[in-house]
Amino acid sequence: MSFFKKKLSKGKEILSKSNLKTHTSSNASLSIDDLNRFGFSLNPVLWCLDHQQGLLAIVSSTNRIYIYGKQHVQSVIVPDCSTIVHIALCAAYLIVIDSRNTVLSYPLMKHRDLSKPAATYFLKQKVTCTVTDPTIDWVFFGMSDGSVVPWDVTRHCLGKFKVPNLYVPRHEEWRMMGYSYAPVPGKLSPVVSVQIHPKDLGVILIAYPDGVVLYSIRTDEVIRFYELEYAPGSTAAVLSPHNYRRPIVKGIEWSPWGDHFVSYYTDSTFAFWDVDQEYPVQVRNFVDSNIHTYTPMQRNPPKTELEPIRSMRWCCCEDPTVSFILMLGGLPKEAPVKGISLFSYRNLPAKKDVETFAEFFANPNSQRFFPFIDIPPVRDMLVIPSSSPHYNGSHNPKNLLLLSEDNSLSLLDISTGNISNMSLSIPPSLCFLASDFRVIAFQTVTKKVWNQIEDTISVNSHYSCLFGGSPSPGYLKKLDERNLLITSTGLSLSIWDISQGFMNPSLCVNLDFSSVMRKHLTPSAFITTASFSTYNPEFSCADSFGRVIVCKRKNHKENLPAQLANGIYRLDDTLVLEGTLHAQYYIDLKRGRVTLNQMSNIGFVCIGYQDGGITIIDMRGPHILCNTSISELGLERRGKPDPDFLTSAEFVVMNPKGSPSSIYVVTGTYRGMTLLFRIDPSSSGRFSAYFESSRQLDIKNIYKICSLTQDGQIATATGSSLQSVGYPLPQEVFLVYIGDSGISVFNKINNQVGNLDWRKPVCCRAALVLSTVSKHMGSVVCVNSDLSVNWYSLPNLREERKMQLPLDIDKNRLKEGDILGNGDYIFPTLGAHELAFGCVLGSGRTLANLAPMMLITHNASHVPPRPSKSLWNWLLGEQSTSAEELDILLGGENRAESKVHTLETPKVISARPAESVKQPLTPVPSMTSQSAQSYIPPRRQQQQKGFFAQINDHLAQRGNMLGGIENTMDDLEEMSAEWANEIKDSLAGTKKDLILSGLKSYIP
């Protein structure tokens, strides 16, 4: 339902009351529309990335699960369980494990009530880790009793296969031998980590605190144990905090080629292993290498305390043989700067012996360090791959998502090592988790203005790290105006068009002022306020050091003069495109923090400072029309320790004393004083500002001033209203002052026609709303500190109606939000990093009416081919387990049928954007809303042959190939023998000729 209609008028920039009226009757009932939530509730705890579907799942401290995709794709699941400890995305399912060992399975491939899981299963043991692969329908659970059990995702049950605790017999052997590191009887080592071989699904690495085990699912036996023990007197033994020389395993990572792996330990060391050797190839830490061996000539370095290694990932480039290791932590504790270490290994050595690889891992091709300078210390990192979903999710990553200790997020560009602007790459809601993210303004502009600044989007366009999901088109709620949500991160500004109910990155203008202000850059500077002109593509923003940046569209015909006034500084940017927004100049009067930044619609800017300063700027010069202060005007109250300062301003054309109309600037202060300035043209063609009068109101903190005429039209100064300057006005202008403790309505400046005082609750935000449900001139809608919304009619200020905001809005942070004249509001919620978006001119919509978004857009059964072992290894007898073989090994010959049904003839729709696709992915069908609710993507068909029959087929195929090679070698041998015989005959003939010719030379 719309409460506004469009009215044609001669002036295209007039927003009158008739523009905002509807065809509804005056007694129509109104209620609040709760439209959407932007941001993230409280703090992130866990995360999981499904690169096959391009989805990212993050668990918040409120036990909510947010699932993100491309653009503004977002779904929220609130499971009915205890604290979530593990999540996994596999085969278009979300697997959730809580602290009570309950497994919940949520299907994501269709629209349904995601609050109810498809299956619930109760485990007997605690899950310590999970791992999966995009080509299988299984999730491996590492258990607290040391076992590994597979979870059948599509059958919602555990598999028949189980890996027992592989260290139980080994512990018994240690106790029999009397080793000091043997655990006490009855103590079971839990599983620390499980990793699937990057080229063989039938081989897994299982990490226990005591060591690492290479296990074959195909043969159901242990291949090898890997246990690190330092040599006596070695560097690692000297630095080790343990009495015995065996560190505790903390994690493992496969190499991309699968012949090596790395394990890292609680004493900040990490070891490289060859899968064919029981002894480490190389053991090192951040400082030194070969720290596990001892030689009589070596000198132990001074003891350096290292911080623990928090995480380690072994990634590869487009070519899997070119790899690098990312290590979070492991630095010396006395290091002044923390960061992430990168060890690059570009080319594998041709010689495969242990000594060569020991030297290879000891001396990386390059070693880089990414310091945490502008962000807090990091406690976890997430690799976002850009190519295939294989190689344990670390194939050619471009970005790294960092979770800091203060629960903020940052995005690191791996190629440059710099912190990237998150609004350009990740979902908008996650931008709220940036450490320096701020919501600084919420206001309305005309559609014409938005169309003019929309060209700036292409300058810093959004490129999403995620590609999953199908975004909802939203709803067209506004016709001739746009709601702008303005946010900042440091000196970067983001302008979001949220008129359709979403923060869509494709409708976001990103401006970065750090580059143009590099000569004037102050460390830790950030933008605090911003003000847009409603009818012109220009705005101003202030930073934390009192500088005001003025931005306009680039126009080669409008150039700044060669010499500017004192306090105004030029910002030159030669790379600005014609017709795009850019920072033209900034104002720095050295007066402290900016308390008011008000951009007019007629080319003026009013600035208020913390010291009581008042500055009016004419953008046509630019010129400083007025630079004074409240104390210089003699209006400062005696006995007050802190100076009064401006908090609001309004530009209006009026004739307060019956004289010809002029341009006036009406300002309000924190202590309830109003100041009136008149702007007149001078003989030189410029404008001049003069102080006229002041008045003390019984209102504290006047944060909003509205002007309107007697017939209910907005009287804010616009380009068309300047035509009436110098002439009598046809209607009287009313001024409405709104503060924390009351409202006052004046006409003729000093004639008070309405007054309303309140103490509790406090009016935190208010707006002038013109609608058919309001009588006379309109209504003032006040949002109070108890979340109530009161409507007061103008000019008599009688209460019309009362509403209640959603209860999850934070009543203590209402001043951080705002409400607009069209009834839309933005207020922070109790979620700390979340905003509630709604409208007081609504019909009672709730979040349950929000259109759902499709998360699964790629067929889960069509995955890019998984890397496999080389042909030479295959000829030598090594077998790779396929996904179908793994289904039989884990689920048995009589595995139950999948509970996922298929459609017979799907219709193909567009897949992932071409610029972000490295390998083709098959999309799912295009569906209507009705068929989408029953659609589930097809899964792999059940393998018909038995396991032993498949082995026989593989052996026969290998025998045929080996037989062909044998025949080829026989042919080569025969050809070589014939060629040797020919050479032998030729040499014999040549020798005979030489002998005969020599004999002839002696015969006379």
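For all residues, glycine too, the Cβ spot is worked out from N, Cα and C.
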What range among 599-619, 767-787 does Swiss-Prot record as transmembrane segment?
599-619
Can you work out whether the transmembrane segment (422-442) touches the transmembrane segment (38-58), with the criterion being 3+ CB pairs under 8 Å where the paired residues are 6 or more apart along the chain?
yes
Check N627 (N-linked glycosylation site) against DSSP and tell me helix, strand or coil, would you?
strand
Give the number of CB atoms, excluding that of N418 (N-linked glycosylation site) itself, located within 10 Å of its CB.
13
At 10 angstroms around each C-beta, which of the glycosylation sites N392, N421, N627 has the fewest other C-beta atoms nearby?
N627
Other than its own, how many Cβ atoms are within 10 Å of the Cβ belonging to N859 (N-linked glycosylation site)?
22
Cα distance (Å, whole number) from N421 (N-linked glycosylation site) to N392 (N-linked glycosylation site)
27
Could you give the Cα-Cα distance between N421 (N-linked glycosylation site) and N859 (N-linked glycosylation site), in whole Å?
32
Among 188-208, 324-344, 823-843, point out the range having the most Cβ pairs under 8 angstroms from the transmembrane segment (38-58).
823-843
